[in-house]
Every structure is written in structure tokens, then in C-alpha cells.
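Novice: Here's the feature list from TrEMBL:
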BINDING   B:D17, B:H18, B:G19, B:K20, B:S21, B:T22, B:N134, B:K135, B:I136, B:D137  GTP binding site
DOMAIN    B:5-187  domain 'Tr-type G'
Amino acid sequence: MPALPLDDSARAASSPAETEGGFGVYIHWPFCLSKCPYCDFNSHVMRDVPEDAYVDAIIRELTYFRELSGPRTLTSLFFGGGTPSLMTPQAVTRLIDAVAGLWHVPQGTEISMEANPTSVETAYLKGYKSGGVNRISLGVQALSDDDLRFLGRLHSVGEALQAVKLARDVFERVSFDLIYARPAQTPAAWRRELEEAISYAADHLSLYQLTIEPGTAFEKLFKAGSLLPPSADDAATLYEVTQEVCAKAGFGAYEVSNHAKPGAECRHNLVYWRYGDYAGAGPGAHGRLSVEGKKIATETERLPSRWQAEVMRAGHGLTRMEEIAPAEQGDEMMMMGLRLSEGVPLARYEKLSGRIIEEKRLLLLEKDGLITRRGGQLYATARGRMVLDKLLGELLV
Amino acid sequence: MTDLAHIRNFSIVAHIDHGKSTLADRLIQLCGGLTQREMKEQVLDSMDIERERGITIKAQTVRLSYQAADGETYQLNLIDTPGHVDFAYEVNRSLAACEGSLLVVDASQGVEAQTLANVYQAIEVNHEIVPVLNKIDLPAAEPERVKEQIEDVIGLDASDAVEISAKSGLGIDKVLEAIVRRLPPPRGDREAPLKAMLVDSWYDPYLGVVVLVRVVDGVMKKGQKIKMMQAGASYTVDQVGIFRPKKENVKELSAGEIGFFTASIKEVADTAVGDTVTDEKRPCEKPLPGFKPAQPVVFCGLFPIDSSQFEDLREAIGKLRLNDASFHYEMETSAALGFGFRCGFLGLLHLEIVRERIEREFNIELITTAPSVIYHVYLTNGDMVEMHNPADMPDPVKIDRIEEPWIRATILVPDEYLGAVLKLCEDRRGIQQDLTYAGARAMVVYRLPLNEVVFDFYDRLKSITRGYASFDYQIENYEANDLVKMSILVNEEPVDALATVVHRARAESRGRAMCEKLKDLIPRHLFKIPVQAAIGGRVIARETIAAMRKDVTAKCYGGDVSRKRKLLEKQKEGKKKMRQFGRVEIPQEAFIAALKMDDN
């Protein structure tokens with residue numbers, strides 16, 4: 001059972017270690033109109049969601065996290081899911097107000113929301129905006145109706161483009177997602193689709209390689225042999241096309257799958273990648289919080305009804321709250337940080353983990369062209385970032 | 001005591017699955033060794049090999065009391081024989097303890113290669129042989145054809161063959177009558193000084209070493225001071241007994257009888273099979289001819305994957321050796337694999353069994369290096385060194401010639417697979433000696449270099465004949481050949497555990513095959529890896545493992561950190577199971593798999 005949070009007076013305000021990487025709040029809205037076959041996120045198809053009751057529970061859990069985190073200044077607030085755009089503007093506004101009452105939220109703090117093209121209505125968008133949302137991320141996923149059907153999406157290309165247009169009319173900051181490396185997708189076809197997508201883009205794009213995740217409908221098809229994603233080598237080629245097309249259009253990759261014009265990076269996700277602190281509220285949300293110089297991992301109950309009942313009973317739906325050992329903090333920070341083009345400060349790794357990476361190891365990987373160092377900062381090269389999972393194994397063993 | 005005329009000692013010679021064990025069970029049952037209920041119990045007991053080790057062995061040598069049609073009661077001693085070629089040596093000593101054999105042949109399958117090898121051994125020790133046709137009640141049974149085959153292939157008169165069904169019990173009484181009437185009684189002198197042949201021995205946790213003997217002359221009793229003539233050691237007999245198949249102590253074992261004794265002997269290695277046991281005070285004049293000790297013919301290195309388990313491995317090997325004196329070992333160090341043991345085995349099955357027992361019973365994961373045979377390396381200075389590890393190959397300029405062991409292999413195969421078998425033998429440098437037909441089956445005899453057989457010959461044979469071929473071999477002689485050491489270099493560094501000795505003419509194709517195999521077996525790394533085969537400094541084959549292009553997780557946000565870290569932990573764990581050669585990790589299975597030759 002998670003321990004009781006300590007009273008604020010028991011500790012000082014944010015120490016420098018706590019502010020490194022910033023502080024984000026994530027709110028998970030787990031409900032969807034339908035389940036997409038590739039998605040392994042905690043999502044549940046449910047009609048007539050008792051919205052007020054869930055919003056009440058989230059606020060209650062946020063209050064608990066506030067007790068844990070102490071007073072802090074917010075870097076960003078993010079509504080993810082599921083499909084958070086199924087929430088009414090009233091609900092979103094209540095949540096934003098609640099967060100602002102719990103932590104210090106400076107003017108201009110990024111408040112992002114994921115939205116599906118099907119659920120975007122001008123009225124809702126305007127309502128979100130007046131409630132405080134200032135960035136929208138749309139799940140467009142593909143610019144081909146056939147592929148949208150294959151991906152289990154409920155919208156058409158026409159609806160998606162309409163949604164992008166609407167969003168751009170209302171918000172300054174708009175991003176959308178695409179999934180590539182779809183079965184039989186050629187580099188030439190992907191290049192055309194991506195170039196077209198960029199012509200509709202504002203300042204940010206998330207471009208994900210299709211991954212067969214355990215427990216998904218796609219995994220079943222894959223195992224049955226009726227879904228054939230591109231080979232690892234073909235996927236690598238598609239990734240390279242992505243980098244090239246985006247770079248040409250001024251959408252540099254600031255992370256493995258994220259591209260933005262300078263200054264338009266998603267600040268919330270940067271909190272994760274910079275291994276900052278974040279509170280995760282709602283069913284199945286994860287968090288990382290610095291409490292009294294310790295880094296705490298949190299995780300909540302995934303099943304919405306059970307989570308809600310638990311929050312009402314105990315004030316939170318936590319199923320896990322444990323300290324992360326120094327070596328593991330170092331690993332986590334590297335895992336996340338090397339995804340970024342800005343790299344990671346080696347000194348921070350050493351401080352967190354209490355370890356150093358042998359010079360010999362670094363030199364070899366440098367020689368292989370997988371990493372570089374400049375002024376105490378460690379970077380994965382473009383090639384290194386492509387093989388980051390294995391590279392991390394070499395670096396952190 | 002039983003007078004010699006009322007004793008019969010016999011073995012059963014048969015191919016695997018031809019019904020030897022079932023027949024033995026029936027004989028025990030019919031002679032009242034066990035009740036119906038106990039028969040079942042015994043089968044159950046023998047499952048737990050370790051605890052019931054005694055039972056298993058006992059079931060292999062059993063004394064039966066049989067009241068024959070002539071009204072007399074006979075003592076029948078059955079010594080079971082292992083079927084596999086690796087243990088041919090044990091067959092030999094079991095046969096030497098008897099005067100006759102039952103040759104059991106499946107009436108639907110006919111004579112197999114192992115049957116042949118064992119029956120020839122029985123003939124060599126002058127056994128009277130009674131052919132028995134089993135499974136006579138099967139629709140596919142062809143007794144007349146199989147009788148003909150026994151006469152043609154083996155040269156035994158099969159007209160009086162006993163036709164039985166061990167499964168249903170049909171004809172078992174006729175087998176017993178044939179044993180009494182057609183097999184000779186033992187000869188021996190009860191009054192002469194004790195002379196007994198040491199047939200087998202095993203370790204029992206309660207009794208210490210149990211020794212199985214065939215008494216030739218004289219008597220053995222509890223309390224008697226005995227002497228092992230070859231080993232020179234003396235002991236006092238604690239217990240004398242027989243198996244019925246349950247262990248039963250008796251007062252004495254006398255001339256012509258088979259039974260066991262214990263004498264506070266600590267290790268199986270102290271009991272040399274074939275040794276002569278005699279009375280210390282009144283020894284016999286001359287020992288029995290004895291046997292050559294079983295010589296290991298296949299060698300390989302066994303290394304723990306986790307190098308910290310070396311001491312555990314030493315202990316495991318020591319324990320196994322307690323009960324298996326035929327397996328040899330010495331410490332070995334490898335640049336690539338660290339500390340391990342060079343082990344000698346009677347054959348590949350023996351190797352497999354020992355390796356499996358270490359992995360399963362002692363929980364030590366092993367890397368097994370390429371099996372090797374013993375080469376005789378003649379140096380220019382006239383010396384000869386025995387080499388069973390390619391790493392020990394002397395400097396080529398000092399070598400005059402290298403001789404390798406050749407075998408005589410007998411393969412019985414249905415006609416339709418003959419072509420494939422001939423090709424396999426030819427590919428392995430075989431020289432055909434004989435090719436005859438027995439019905440729809442061909443019997444092929446080849447001379448083959450053992451080093452071509454030692455690895456995967458039997459696997460290949462099974463796969464190209466869908467398991468229908470049977471195979472047996474004997475070591476024949478040593479012959480000089482153009483043999484060279486082939487090294488394998490991974491990322492420019494030689495991996496000693498992958499080095500092999502090959503015939504020069506075969507080096508290039510083998511080297512190419514190994515490089516191709518390793519290319520598939522070694523996972524992609526962050527950098528490209530050249531894999532080369534070389535003789536001396538000359539590269540004869542080369543492949544390149546391309547560098548990994550992309551593996552990064554596409555989506556990684558706040559909720560993925562824990563999951564990703566678990567993957568990283570797994571990756572670190574997996575690295576421990578790999579052996580690091582320079583910067584390359586080679587998976588355990590690669591060491592053996594790289595050597596398996598595909599056809600073509």
C-alpha cells in the first residue's frame with residue numbers, strides 16, 4: 001500500500017533536483033468510441049460515461065498528488081487517453097481550474113489535448129480554448145481512406161483534413177499524428193503522403209512507425225500471419241525517408257518520432273524525455289515524482305470503475321508507489337534523454353545513478369558513429385538514435 | 001546351490017523397439033518373479049531413476065526359477081544388454097557372462113543394424129543363439145520372410161525360430177523351453193579357488209558400490225576376503241545376493257551363477273569391469289582374459305555459460321563420474337570460453353546424455369564445443385602425439401603426418417532412401433565396402449572417417465531416411481590423411497571453440513557452410529561483423545553480418561518508462577547468456593549449430 005503523503009511543512013519548496021526537466025501533470029481520460037486495433041493504451045469503449053463522477057474522482061486524485069509533490073510550478077498540463085476530446089468543455093474547464101488551484105500555473109503554460117478528428121466540433125474546440133487549452137494534437141494517422149479503415153479509425157481523410165483546418169482556425173499550436181510502415185507501404189508512397197501531410201501541418205508532427213503491441217487485435221492478425229508489416233530493413237528505409245522529408249520542410253526531428261519547427265516542441269513530452277517530474281492522474285496513469293530527494297514511481301488502477309471506487313474510498317487509485325533506485329533512475333534518464341536531439345548531460349547521469357560510463361565504452365561507440373559528445377553533453381547520432389534500444393544496452397550494462 | 005546342469009545364463013539381443021523389455025517382463029512374470037500387481041509397481045518404481053537406481057539395474061539382471069516340461073527346476077539368469085552402439089562395450093561384457101542368447105527380431109520389421117552388430121558379438125563369444133520372432137500377431141508380420149533374412153544376412157539357422165507375441169504372452173512358454181533345451185549349461189568347478197568376472201558395477205547411495213559378477217569357479221560368501229586381480233585391491237564381502245528382480249541376499253554364489261556383492265567399495269572407478277575377483281588367501285592361478293577398458297572416442301569441451309559456475313560444473317562432473325567410469329575429463333582453458341573441461345565419451349549419445357544430465361540435474365547451462373576424435377599426430381622428430389582438441393594442433397612445420405580413426409559403418413535402409421544414404425556417405429569421404437539386399441532393404445557397408453560421423457551424421461541419416469535407416473559402427477584403424485586445422489574468425493578474432501580439424505579437400509565447403517551458418521546464428525550488432533574461415537593465415541571463406549539498422553521503440557512517453565526499463569533489464573540479462581568475443585556476442589547454441597551440415 002502506498003505510504004501516506006507527508007505534510008508540506010515537512011520539506012522545503014522545490015529543490016534544484018526537482019525542477020530539472022520541469023514538472024508536468026497528465027490526466028488520462030480512458031474512454032473511446034471504439035478500440036483501434038494497434039492501440040495498447042489503457043482505453044475502454046463505454047457509452048454514457050458518468051462524466052461528472054469521473055471528473056470528481058480525477059480532481060480528488062490530483063489533490064492527493066499535490067500532497068505528494070508539494071507546491072510546484074507547472075511546466076505543462078496534458079489531456080491524453082483514450083479519447084479526451086469526448087469530454088465536454090465544462091469538464092475540461094473544471095479540471096484545468098482544479099490544477100490551477102493546486103499548483104502554480106504561470107501565464108502561457110502549455111495545456112495540450114489529444115483529439116480525434118471524429119470528435120472535433122467547432123463548438124467544443126472553442127469551449128476547450130476558453131477553458132484554457134492552448135494546444136491540440138489530432139490523431140489523423142493516415143491520408144488514405146483504405147489505410148484509415150485498416151487502422152480501425154472511424155474518420156475519413158476528408159474529415160481529418162476538415163478537423164485540422166478547424167483546429168488551426170481556433171488554436172495557434174496544432175499537431176497531428178501519422179502512423180507509417182503500414183503493410184505494403186512503399187518508401188515512394190510514404191514520401192508522397194508525408195509531403196502532403198506537411199502541407200497541412202502547422203508547426204508540429206508526430207510520426208510513428210506501426211508497432212505490433214502485445215494484447216492488440218493487430219498482434220492476433222500478425223501471429224496468424226494475416227498482417228505483414230514491413231521488414232526491419234524496410235522500416236528503417238521508411239524512417240530515413242521520414243527524416244529526410246521533414247528536415248527539408250523545416251520540421252526537424254527533436255525526438256525519435258516527433259518533428260517540430262524551432263520553438264514548437266511539445267513541452268509536456270519534453271518533461272518525460274528530460275526525465276522531469278510528472279503526476280499522472282486517472283485510470284492507468286503513470287507518474288514520476290521527486291519527494292524528499294527520492295524519485296518515486298506511481299501507477300494507478302487501469303480499470304476505470306475500480307479506479308474510481310478506489311479513489312472515492314482512499315483518495316487515490318494507486319496500485320504502485322515505490323522508490324526508484326539510483327542506478328535505475330540513471331537508466332531511465334538515459335533511455336528517455338537519448339531520444340532527444342538535444343542529448344543528455346553526462347554529469348546528470350552520474351549524479352543520479354552514482355555510476356560512470358567507462359570512457360572505453362564511450363570511445364568505442366563514438367568510433368562506431370553511434371554517439372557523440374560535446375561539452376559534457378552526450379548525444380545519440382542520427383544512426384545511433386535508430387538503434388537506440390540496443391545502443392542503450394551497450395551503454396548501460 | 002544349483003548343480004551346473006540346472007543353470008542357464010542368457011542375454012537378449014534385439015534392436016530398439018523390437019520388444020526386448022516386454023519379453024523380459026513376460027519371462028519374469030511367468031517364472032513368478034513378481035505378481036501381476038508387483039509388475040505394475042515395478043514399472044512405476046523404475047520411473048524415479050535416482051531413488052530406485054537399484055531396481056533399474058536389478059531389472060536388467062534377473063534370476064528366474066523355471067520348472068520345465070521335464071519336471072526339473074532350472075535357475076535361469078538373464079542379463080539384459082543395452083541396445084545403443086555407444087554402449088557396445090557393455091553388450092560385450094554382458095554377453096561374456098553368458099553361454100547363450102535369444103535373438104529377438106520384430107517379425108514385421110526384420111533385422112536391423114544394431115541387431116546385426118550385437119548378434120555378431122554374441123557369435124564371437126561362441127554363444128548358442130535361439131532366434132525369436134516377436135510381434136507375430138501383427139497383421140504386417142512376415143515370419144517366413146524374416147526367417148529367410150536371418151539366414152541370409154546373419155547366417156543363422158532360423159527354421160526352429162520361436163514365434164511369439166511378448167505383448168499378448170503368446171509363445172512365452174516355448175521360449176523358456178528353448179532356453180532350457182537349446183542353450184548349454186555353464187561349465188565350472190565349485191571346488192576350485194574363486195574366480196569370478198566383474199560384469200558391471202554401480203553406485204548405490206545406501207550400499208556403496210554394488211558389483212555384478214559371474215562366478216566361473218569356486219564360491220563367494222559373506223565375510224570372505226577377496227582380491228581384484230587387476231586392480232590389486234582387497235576387500236571383505238559384506239553382502240552376496242541376486243535379483244529376482246527384487247534384491248535378495250543369498251548365502252553364496254557358486255560356479256556358474258550370476259549375482260552381486262557389496263564390499264564397502266567407495267567408487268565405481270575402483271572396480272574395473274572385466275577384472276577377475278578371487279579369494280585373497282587361495283587365489284586362482286590365472287586371471288580371466290578380461291576386457292580392454294572402454295575407450296572414449298569422442299571428445300568435446302564443456303564450459304559453463306556463466307563462468308562463475310565453473311566450480312559447480314567441476315562438482316557435477318565429479319558426481320556423474322562416480323557412476324560412469326567410461327567418461328573421462330580433464331580441465332581445459334579456452335581463450336574464448338574461459339575455464340571448463342575437456343571430456344571424452346563413448347559416442348555421441350553418451351555425450352548427449354552426460355550433457356543433458358549436467359544441465360538438467362545440476363542446473364548448469366553449458367556451451368559444448370565441436371566434438372572431436374583422437375588424431376595421431378606424427379612429428380618430424382618421430383614422436384607421436386594424441387590430439388583431441390584442435391586448439392592443441394602442433395605447429396604445421398613440425399608435423400610429418402596426421403592419422404585419423406576410420407570406422408566400418410553398417411547401414412540398413414529401405415530401398416527408396418538408398419540413393420540419399422549413398423550420397424551422404426560419399427559426401428563424408430566414405431568408401432563403399434559392400435551393398436547387398438535383404439528383401440526390400442539394402443545393407444550398405446562403408447568405411448568412413450570418424451571425424452565426418454562424429455558430429456551430425458546420425459541426425460542427417462535419420463532425416464534423409466525419415467528414421468527408417470538403422471546404423472551401427474565399429475572403429476577399424478588409423479589412416480594418414482591431408483588434415484588441416486580450420487580456424488573461425490569473428491570480427492577478425494579467432495574463436496578457438498569453433499576451430500575444427502578437416503580434410504583439406506573439404507575445408508573450403510565446410511568453411512563456407514560454417515560462415516553462412518554463423519551469419520544466421522549471430523544476431524546483428526551495432527556494427528558490421530566479418531566472419532571468416534581460415535587455414536593458417538589464408539582466409540578460405542567469408543561472410544559479413546550487416547549492422548543493425550533500426551530497433552528503436554517508436555512511442556515512448558511517461559507511461560512507457562517502467563516497461564522500457566524492464567526491456568532494458570531483460571537485454572542486460574540476455575547479455576549474460578551470451579559469450580563475448582571481443583565486441584561480439586555469440587549465442588550458446590551457435591557453437592553446436594554452426595557445425596551442423598545441411599545437405600547440398
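Residue 1 is the first one shown; counting continues down the chain.
Note that Cβ sites are derived from N, Cα and C of the backbone, with glycine treated the same way.
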Novice: Judged by the number of other CB atoms within 10 angstroms, which among B:S21, B:N134 is the least packed of the binding-site residues?
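Specialist: Relative to the other binding-site residues in B:S21, B:N134, B:S21 has the fewest Cβ atoms within 10 Å.
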Novice: Averaged over the domain 'Tr-type G' (B:5-187), what pLDDT does the predicted model reach?
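Specialist: Computed over the domain 'Tr-type G' (B:5-187), the mean pLDDT is 80 on the 0 to 100 scale.
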Novice: Based on DSSP, name the secondary structure state of B:N134 (GTP binding site): helix, strand or coil.
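Specialist: Strand, per DSSP.
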Novice: Going by DSSP, is B:S21 (GTP binding site) part of a helix, a strand, or coil?
Specialist: helix
Novice: Near the Cβ of B:I136 (GTP binding site), how many other Cβ atoms are there if near means within 10 Å?
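Specialist: I get 22 for this one.
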Novice: Cβ-Cβ under 8 Å from B:G19 (GTP binding site), same chain, 6 or more residues apart: which ones?
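Specialist: B:G19 (GTP binding site) has long-range Cβ partners B:V104, B:D106, B:N134, B:K135, B:A166, B:K167.
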